[in-house]
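Record features (TrEMBL):
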TRANSMEM  B:12-28  transmembrane segment
TRANSMEM  B:40-60  transmembrane segment
TRANSMEM  B:72-98  transmembrane segment
TRANSMEM  B:110-132  transmembrane segment
TRANSMEM  B:138-164  transmembrane segment
TRANSMEM  B:176-204  transmembrane segment
Amino acid sequence: MSAGTALRRGRTPWLAGLAVALLVAGVLSWYASASPDGLEWAAGQAGFLDTAEDSAAAGSPLADYQVGGADSRLSGGLAGVAGVAVTLLLAGGLAWALRRRGRDAATPAD
Amino acid sequence: MHVPDGFLDAPTSAATAAVAAAGVALALRGARRELDERTAPLAGLSAAFVFAVQMVNFPVGAGTSGHLMGGVLAAVLVGPWTAALCLTVVLVVQALLFADGGLTAIGTNVTLLGLVAIGVGWGAFRLLAAVLPTTRGGVLAAAGVGAFLSVPVAALAFTGLFALGGVADVALGTVAAAMGGVHALIGLGEAAITVVVLGAVLAVRPDLVHGARALRRATLLAGRPPSVPAGAR
């Protein structure tokens, strides 16, 4: 039980969760299937795939999950890590802001 | 299932943007009831995790792939309103920075992956959790079924939007069959990932899991000490 107890304590589970997210986006993503996804496949079957248009964001330095257009393992991993960081900051910041206002507006914290 | 620009006409895209905006406004109110000092960090981590896992397409049969949508996983972890905000952040980051999903389709994608998938999946989770035993297995089974259902339902919701405002003139039955069929398969992957991740979190910090509050009460009533560690904030 001692190892399990250590895993539950303090910051450890948070750091473990973040490490898993970074590993998935930074390393495991390289092994993702390159086949068309369900929507693309269905659009091809039904005959409307050619109505898709390039996104206006297609020129973004992170477009298609690559850094600066380079198509490599490192570039894809860096793009994934950047995405995890941006998402964590935005969603975490939003949740933190809502948490504060919710507590201030309602009854005292439990 | 990220809808690109061009599939749906401008009025339909504008309508889904209005629906998404209304849903997000409601979620901003609802999330205040779900988020406290302990769970706010989990919301950020859940969104980051969903972003990461969405990068990993898994193969489903001949020449097709799918990836986690993550709405039901996030909803069981942090609550449905907060989950809708998490998915909205993920989809906006993907569309703006990674050109994944169209810019005019952001409202469509938030509506489908955020509102529809979470609404249906969370509803199914709550219904099942009410009738299944109040155990870790019961929570995981309910989450798995909710996660599975959320994927083909979102795919059929896209088909409904396509019926209203699809640019191409193709047979709707073909679209519905192809979308529903392949996304039923992808839903199995959604359920598997949801159950594995949720099982891991429940094993380590069950006290943080929004959808396991009944489980916690049952544990307390049974006279066992709560599993909140002394050092946790």
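Backbone N, Cα and C atoms are what each Cβ position is placed from, and that goes for glycine too.
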Interface check, the transmembrane segment (B:138-164) with the transmembrane segment (B:72-98), three or more C-beta pairs under 8 A: yes
Positions whose Cβ lies under 8 angstroms from the transmembrane segment (B:110-132), at least six residues beyond its ends: 1-3, 16, 19-20, 23-24, 69, 71-72, 74-76, 80, 83-84, 87-88, 91-92, 138-139, 141-143, 145-147, 149-151, 153-154, 157-158, 161, 211, 214
Same-chain residues at least 6 beyond the ends of the transmembrane segment (B:40-60) whose Cβ lies under 8 Å from its Cβ atoms: 31, 66-70, 73-74, 77-78, 82-83, 85-87, 89-90, 93-94, 182, 185-186, 189, 193, 197, 208
